[in-house]
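S.K.: Checked Swiss-Prot, it gives:
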- 5-220: domain 'ABC transporter' (DOMAIN)
- G37, P38, N39, G40, S41, G42, K43, S44: ATP binding site (BINDING)
Amino acid sequence: MENIVNLKNIFVFYGKKKILNNISFKISHGKIITILGPNGSGKSTLARVILGLILPSHGKLIKHKKLRMSYVPQKIFFDINIPITVEKFMNLNSFFKKNNVHKFLQKVNAEHLLKKSIHNLSGGEIQKVLLARSLLNKPHLIVLDEPTQGLDINGQNILYDLITKIHGILSCSIIIISHDLHIVMAKTDEVICLNRSILCYGTPKKISDHPSFIEMFGCYNEKKRAIYKHNH
């Protein structure tokens with residue numbers, strides 16, 4: 001399972017608006033790939049194409065026939081009128097036994113949350129639970145859409161350390177969608193700079209000198225993490 005996903009000349013249109021323009025790259029087994037780009041660059045759309053949630057308007061998406069994937073969404077909403085514990089949430093649409101759920105919570109240092117209400121969790125705790133739930137099917141590929149959104153720097157460091165830990169345990173491929181550098185460059189094998197089309201693609205060292213990367217993020221210093229300032 002060397003290449004688990006192969007995207008060839010992918011285009012996505014919403015009406016006449018071009019969201020993704022001629023996207024081609026391969027996802028290799030065991031690699032961590034970060035897709036960087038500003039808001040509105042098509043990052044989440046690309047993630048959904050990879051997951052099969054959106055069909056491309058043109059182009060070809062080839063997946064390994066035995067590929068198992070998991071998705072950690074950017075946001076998840078819980079109805080405050082419906083009481084639900086972490087344990088119940090972990091078991092929704094799941095055939096896994098309680099002890100297995102507990103085991104996967106342990107992997108992300110969140111086993112103490114098992115009986116807590118999902119409504120009472122912090123942003124960082126919810127991300128841990130979502131990450132744990134993404135492991136239940138023992139995926140070959142995990143796609144994380146803006147996993148550190150709303151977390152402070154310390155929370156981001158903790159979550160990225162957990163992602164690195166999971167990568168080591170499962171030897172799976174991971175795609176991280178982001179618009180911030182922060183610690184991403186130190187935690188990834190390959191980087192794709194996206195703004196509807198791929199502006200540059202390669203190892204962090206290779207793309208950090210690329211004109212398109214510098215235009216988007218400024219000069220990257222490995223000793224001083226560059227931070228892309230964005231507006232909400």
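Note that Cβ sites are derived from N, Cα and C of the backbone, with glycine treated the same way.
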S.K.: Given a separation of at least six residues and a C-beta threshold under 8 Å, show me what packs close to S44 (ATP binding site) in the same chain.
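M.R.: Spatial neighbours, sequence-distant, of S44 (ATP binding site): Q74, D145, E146, I177.
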S.K.: Mind telling me which of the binding-site residues N39, S41 has the densest Cβ neighbourhood, counting other Cβ atoms within 10 Å?
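M.R.: When each Cβ's neighbours within 10 Å are tallied, S41 leads.
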S.K.: Applying a 10 Å Cβ distance cut-off over all chains shown, what neighbour count does G37 (ATP binding site) have?
M.R.: 21
S.K.: Tally every other Cβ atom lying within 10 Å of the Cβ atom of K43 (ATP binding site).
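M.R.: Step by step: centre on the Cβ of K43 (ATP binding site), count other Cβ atoms within 10 Å, giving 26.
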S.K.: Determine the most Cβ-crowded residue among the binding-site residues P38, G42, using a 10 Å radius around each Cβ and all protein chains in the structure.
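M.R.: Output for this query is G42.
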S.K.: Grab the pLDDT values for the domain 'ABC transporter' (5-220) and give me their mean, rounded.
M.R.: 89
S.K.: Starting from the Cβ centroid of G37, P38, N39, G40, S41, G42, K43, S44, which together make up the recorded ATP site, report each further residue of the same chain whose Cβ lies within 8 Å of that point, ordered by sequence.
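M.R.: After dropping the recorded site residues, what remains is H179, L194, N195.
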